[in-house]
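In Swiss-Prot this protein carries:
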type: BINDING; residues: Arg87, Arg97, Arg124, Asp214; note: substrate binding site
type: BINDING; residues: Asp214, Asp238, Asp242; note: Mg(2+) binding site
type: BINDING; residues: Gly274, Ser275, Ala276, Pro277, Asp278, Ile279, Ala280, Gly281, Gln282, Gly283, Ile284, Ala285, Asp286; note: NAD(+) binding site
type: SITE; residues: Tyr131; note: site 'Important for catalysis'
type: SITE; residues: Lys181; note: site 'Important for catalysis'
Amino acid sequence: MKLAIVAGDGIGPEVVAQAVKVLDVVQPGVEKTNYDLGARRFHATGEILPDSVIAELREHDAILLGAIGDPSVPSGVLERGLLLRLRFELDHHINLRPGRLYPGVKSPLALEPGNPEIDFVVVREGTEGPYTGNGGAIRVGTANEVATEVSVNTAFGVRRVVRDAFERAMRRRKHLTLVHKNNVLTFAGSLWWRTVQEIGEEYPDVELAYQHVDAATIHMVTDPGRFDVIVTDNLFGDIITDLAAAVCGGIGLAASGNIDATRTNPSMFEPVHGSAPDIAGQGIADPTAAIMSVSLLLAHLGLDDAASRVDRAVEGYLATRGNERLATAAVGERIAAAL
């Protein structure tokens, strides 16, 4: 395996170091290349993501990312110039966000004993919607300012994400929920609903449901156990996945995959928490989400046994840690030792 590592900013290098520690135990011999991308490079050279680096990244099997963002860089510069550009250049059309409440982890929800287990996955479209940069503004700063952000939804883009979601549902509990707002967003909503129904005919064993996005947020709080696989567009997915993380114990336990399902380009795996510059360098950041991202990476590459071993080690750690607060390195060492 050839792995590109982008540790990034803030706590990124700290949590990635522990993720790599676990990877080395479960999958020895990985060929790793570190890439200096983020605020430090931006300040030193003015570069964000050179074309030459993108070309090099394409030669790898996967990318492991830490975190991007620093208060010394204007908001949006690194996010659009690095994160979003990687997603578009490498065609990461699927953003995969598992949501599971692990034994030993407390949810902010007042869950009743006997409630269904919280274990779902969100398949979010990653390269379309309102994040394509299709918009503009005129008369900026005046009382007559007009601003637009156009949501782009293509049949090709929707179909490939929906099909991936059905495939995942077949490997899970065979239930898929489309989340959208087709009573108001009638054009895009119609495309999504018709596509789900059409492709759903190829998967008769998968039970299909639909929820407006506002209803989905309610049910994710009141009855999250009803969900198995959720498929949704870029914007709605961006919102409900963070709610899902909170329901499952916090964003510090949320892993993600930015995936090119065609495998033409390397997919990228990362914890979804930010760079947390306020605690960077203190050795107190929780690397669990970064380690869980390694599990997603291994599973994507077909190394299912190694991925399962990481999952079990993380589950065992979370089940026994209680209220103990461990240093970053100690968490990595404990999970690695469990392997």
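Cβ coordinates come from backbone N, Cα and C, glycine included.
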Just to verify: the residue among Asp238, Asp286 with the fewest other Cβ atoms within 10 Å, which of the binding-site residues is it? Asp238
Under a three-state reduction of DSSP output, how is Asp242 (Mg(2+) binding site) classified: helix, strand, or coil? helix
Listed binding-site residues (Asp214, Asp242, Asp278), ranked by Cβ neighbours within 10 Å, top entry: Asp242
Rounded to whole angstrom, what's the largest C-alpha distance between any two of Arg87, Arg97, Arg124, Asp214, listed as binding substrate? 27
Residue among recorded positions Arg87, Arg97, Tyr131, Lys181 with Cα closest to the Cα of Asp286 (NAD(+) binding site): Arg97
Whole-number answer please: how many Å between the C-alpha atoms of Arg87 (substrate binding site) and Tyr131 (site 'Important for catalysis')? 11
Could you round the CA separation between Ile284 (NAD(+) binding site) and Asp242 (Mg(2+) binding site) to a whole angstrom and send it over? 22
Near the Cβ of Ala276 (NAD(+) binding site), how many other Cβ atoms are there if near means within 10 Å? 20
Cα-to-Cα gap, Asp214 (substrate binding site) vs Gly274 (NAD(+) binding site), nearest whole Å: 25
Inter-residue C-alpha distance, Asp238 (Mg(2+) binding site) and Arg97 (substrate binding site) (nearest angstrom): 10
Would you mind checking how many other C-beta atoms are within 10 angstroms of the C-beta on Ala280 (NAD(+) binding site)? 18
Select the most exposed residue of Arg87, Arg97, Arg124, where exposure means the fewest other Cβ atoms within 10 Å, treating these as the binding-site residues. Arg87
